[in-house]
Amino acid sequence: MARFQMSNLVGDPFALATVSIAILAWIITVVSCIIAQTKEAIPNFFWWSVAYQFCIVVGITAVMGSNTGHVYSTAIVGYAAAGLVCTTFTIDGLVTSKEGARQSGGAGLILLAMTDIVWIFYFGSTPQSRPRTYIDSFAPHKEQPSYRSSKPISHSYTPRPETTVSSAHQPHLYSSAPLSGFESSPMAGYNATTASSTGIQPMVGLQTNASTVGGDTAEIGQPTEYPYRAKAIYSYEANPDDANEISFTKHEILEVSDVSGRWWQAKKSTGETGIAPSNYLILL
């Protein structure tokens, strides 16, 4: 489980700014509502909105401090949207009052609502979106987990299966000595034209042809053209068990040949080629 680190907040200008504004706005709201409560009772719904916003601020602070926004982004968007609705209804009952304490509380809730809107936009956007990429570029520590915590879904290409003869079905091969006088005799029922079209070979020459079939299973040729250029928005460590993957660092520029799948065939500036996850890259 990821641990909370203060450096994640201090090193991220976006997190530091939004969390600081939200905490300050919540304190202003609470103090103003307490002062207003001494003069005139405040509806219970107002206090519920303030308490709910407190939970949102604490939760998002913990998420940003532990750098797990990519894990809880969906939950954050839902909770922040509900908090925005509650805060909006509460604002109307405070800012329309002629009492200064209530108006101050309404101003604090307006700041909280604006912060909720910013959080909804940020956590509701994908990492590939330009605004979020720009915001995350100021926080070098924001790295998504590598292959160890993510399961590859599909590859842009798959190698063809090897055509090999199973050891359980190996035919009996005979020496040429017992076949003396029959080397040039065609096999009964054997048609050379049919064999060439179907790939079926006589048993006598099976050993040589089997080695030929094995030799045909060469590696699939790599693409020769890379018309696209992509920038890495996160660092990625290749899976050592998969020779097709390549590693790259944040902000590294890669050349890409195909962008149709979730795994792209890419080429590094060093000439190294392989597949890279598309959610770690953004097209230029």
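Positions of Cβ are set from backbone N, Cα and C atoms, glycine also.
The predicted model assigns the topological domain 'Cytoplasmic' (1-14) a mean pLDDT of 84. Annotation comment: Swiss-Prot describes 1-14 (among others) as topological domain 'Cytoplasmic', evidence class sequence analysis.
Summarising the annotation, Swiss-Prot assigns transmembrane segment to 15-35 (among others). Listed by sequence, the residues of this chain that lie at least six past the ends of the transmembrane segment (15-35) yet keep a Cβ under 8 A from its Cβ atoms are 8-9, 42, 46-47, 50, 53-54, 57, 60-61, 64-65, 101-102, 104-105, 107-109, 111-112, 115, 118-119, 139.
Helix first, then strand, then coil: DSSP counts for the topological domain 'Extracellular' (36-44) stand at 5 helix, 0 strand, 4 coil. Positions annotated as topological domain 'Extracellular' by Swiss-Prot: 36-44 (among others).
Same-chain residues lying 6+ beyond the ends of the transmembrane segment (45-65) with a Cβ under 8 Å from its Cβ atoms: 4-6, 8-9, 12, 15, 18-19, 22-23, 26, 29-30, 33, 72, 76, 79-80, 82-83, 86-87, 89-90, 93-94, 105, 109, 112, 116, 119. Under the heading transmembrane segment, Swiss-Prot lists 45-65 (among others).
Look at Swiss-Prot and you will find 66-74 (among others) tagged as topological domain 'Cytoplasmic', backed by sequence analysis.
Positions annotated as transmembrane segment by Swiss-Prot, on the basis of sequence analysis: 75-95 (among others).
Below 8 angstroms of C-beta separation, residues 32-33, 35-36, 39-40, 42 of the same chain, each at least six residues beyond the ends of the topological domain 'Extracellular' (96-103), sit close to that stretch. Sequence annotations record features per position, and here Swiss-Prot assigns topological domain 'Extracellular' to 96-103 (among others).
Taken from Swiss-Prot, the feature transmembrane segment covers 104-124 (among others).
Among the features that Swiss-Prot reports, topological domain 'Cytoplasmic' is placed at 125-284 (among others).
Per Swiss-Prot, the feature region 'Disordered' maps to 138-170.
Feature annotation from Swiss-Prot assigns domain 'SH3' to 225-284.
Sequence-distant contacts of the topological domain 'Cytoplasmic' (1-14), counting only residues of its own chain at least 6 positions beyond either end whose CB sits under 8 Å from a CB of the stretch, comprise 61-62, 64-68, 122, 135, 138-142. Residue counts for the topological domain 'Cytoplasmic' (66-74) under DSSP (helix as H, G, I; strand as E, B; rest coil) come to 7 helix, 0 strand, 2 coil.
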